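S.K.: First, the structure itself, so that you have it in front of you.
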């Protein structure tokens with residue numbers, strides 16, 4: 001596990017053995033390390049030679065203006081895009097090119113910017129799909145509901161009910177997802193991702209399009225998930241205020257490049273970041 | 001009074017015919033739900049399954065005509081025959097193999113294409129399978145007998161004759177087809193509602209991206225769905241093959257599945273069943289009551305006219321999902 005050393009390419013290398021956050025949480029070693037990632041679509045470079053790491057237990061944000069390549073970055077991590085150059089290291093091993101479902105099976109769950117739920121299924125069924133990879137018994141015993149399958153299904157249900165309680169969606173348990181309002185859909189999507197008991201949770205704009213109250217709820221859930229389950233979270237967000245309150249370390253992207261990396265305070269005072277957000281003439 | 005009994009006999013026979021239509025429609029629905037592909041080849045798959053089953057049972061040498069023509073040999077049959085149960089299992093294996101080949105050679109390369117492209121691919125597949133069936137097992141009409149009872153049931157005829165004074169003519173094969181279809185549907189429902197793979201199948205049917213994100217392999221699900229559709233085709237092939245012989249026209253029963261689907265909705269398993277029953281009963285009763293007035297042969301067109309009328313008033317079918325576009 002030599003790569004647990006701090007990565008020289010990361011802007012603000014955190015100490016190799018982790019660090020303690022302002023609110024006193026212990027952050028561990030490197031869980032995921034992205035090295036020199038470059039992603040092109042034809043002639044367009046969506047991500048230009050970006051490196052950063054994600055540490056165990058932290059909330060890591062990726063911010064940047066529209067079209068900065070944030071979602072592309074998340075899609076690289078979750079396997080939806082395969083970068084032309086660069087390496088993804090996870091838990092000390094280099095990851096080969098993987099399909100999205102293989103990444104999911106590694107323990108990396110995600111939500112989508114535009115919500116990808118199973119509209120025809122109930123909330124409960126949607127969340128249960130998150131448990132698919134935790135189900136081991138054969139399909140015959142599942143269909144006939146006996147032995148290991150029954151125990152497994154009950155264990156899965158218990159876990160899912162815990163998550164439902166946790167996210168306060170008990171009263172819509174049996175509602176088909178298609179009928180839910182936007183804010184609740186976002187919450188169900190988070191629940192489904194949590195049901196997989198991921199090691200890394202990727203959230204693509206979890207608060208986009210929400211009103212203030214919904215944003216506050218969602219922020220609380222993100223913090224609670226990190227706190228109670230110890231889940232490492234990588235999130236993309238537009239709203240600077242939200243990001244600064246939530247995250248331990250922030251990567252700032254602009255036009256596919258990384259222009260800042262560090263604690264919220266460091267990022268806030270970075271001139272390049274200020275320029276990117278307030279807008280200056282590009283030459 | 002006799003007229004009423006006769007009408008109810010027609011009704012019951014209609015129900016049984018409807019079950020047979022439902023069996024074919026079921027295969028369409030399965031694939032359409034899971035992958036959005038209207039599988040034109042479903043009927044030919046039933047024919048191919050039935051041909052393979054007969055071939056295996058009789059111990060035919062596959063491709064014997066081709067081999068004989070190429071090498072001047074005179075092969076036709078192995079020296080064995082295979083029992084129905086083993087042969088059905090082997091044929092199911094062939095259908096799974098076929099599903100894998102279709103996924104690897106056709107579907108995998110068309111991921112993300114327009115539905116019309118996939119539909120055209122299945123048309124090609126239909127002609128390919130038709131030819132393959134001929135080359136493998138020969139083009140002659142075959143009889144299929146897997147040991148299902150056939151002919152008019154004497155028990156029912158005598159019992160009803162004693163009760164009502166009118167003997168109902170009901171084919172034992174139809175009764176068995178109904179029982180088997182019911183079991184098949186029950187098994188399919190149990191599979192899709194209670195198993196991990198079934199849940200994954202429903203997930204893929206709903207949203208591909210979301211399915212990937214929870215760790216479902218689309219390839220695996222497609223192979224699985226095509227295998228199940230292949231198995232349903234095999235069951236339909238056995239029933240229709242036993243009833244009217246294994247021959248090319250078997251693949252045309254797929255055309256009867258179309259009105260069934262329009263009636264029941266392309267995405268609903270209960271829809272396929274109810275649609276099949278309505279068409280079956282409808283066309284028999286129509287032939288019985290109206291047929292004599294218009295010179296008969298109404299069964300050929302009644303189903304399509306009924307489906308057209310349905311399209312006008314309920315385009316999504318009885319059980320189909322109503323599409324509401326948010327603007």
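Each Cβ is built from the backbone N, Cα and C atoms, and glycine gets one as well.
According to TrEMBL, the feature transmembrane segment maps to B:12-32, B:37-57, B:77-102, B:109-129, B:175-195, B:216-240, B:260-281, B:288-313.
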S.K.: I'm a bit unsure how to read this: which one of B:77-102, B:109-129, B:175-195, B:216-240, B:260-281 has the highest number of Cβ pairs shorter than 8 Å with the transmembrane segment (B:12-32)?
M.R.: B:260-281
S.K.: For the transmembrane segment (B:77-102), what are the same-chain contacts with Cβ under 8 Å, counting residues 6+ beyond its ends?
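M.R.: Counting only partners 6 or more residues beyond its ends, the transmembrane segment (B:77-102) has Cβ contacts under 8 Å with 45, 48-49, 52-53, 56-61, 125, 146-147, 223-224, 226-227, 229-231, 233-234, 238.
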S.K.: So are the transmembrane segment (B:109-129) and the transmembrane segment (B:175-195) touching or not, going by 3+ C-beta pairs under 8 A with a sequence gap of 6 or more?
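M.R.: Taking Cβ pairs at least 6 residues apart, the transmembrane segment (B:175-195) and the transmembrane segment (B:109-129) are not in contact, as fewer than 3 fall under 8 Å.
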S.K.: Would you kindly list the residues that approach the transmembrane segment (B:37-57) from elsewhere in its chain, counting only those six or more residues past its ends and only Cβ-Cβ distances under 8 Å?
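M.R.: For the transmembrane segment (B:37-57), the list is 24, 27-28, 31, 81-84, 87-88, 90-91, 94-95, 98, 107, 115, 118-119, 122-123, 125-126, 129-130, 132-133, 136-137, 142-144, 146, 229-230, 233-234, 236-238, 240-241, 246, 248, 250-255, 257, 266.
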S.K.: Residues sitting near the transmembrane segment (B:260-281): Cβ under 8 Å, six or more positions beyond its termini, same chain?
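M.R.: That would be 11, 14-26, 28-30, 32-33, 38, 185, 188-189, 205, 303, 306-307, 310-311, 316-321.
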S.K.: For the transmembrane segment (B:175-195), could you work out the same-chain residues 6 or more beyond its ends whose Cβ comes under 8 Å from its Cβ atoms?
M.R.: 15-16, 19-20, 22-23, 26, 30, 148-149, 153, 201-202, 228, 232, 235, 239, 269, 273
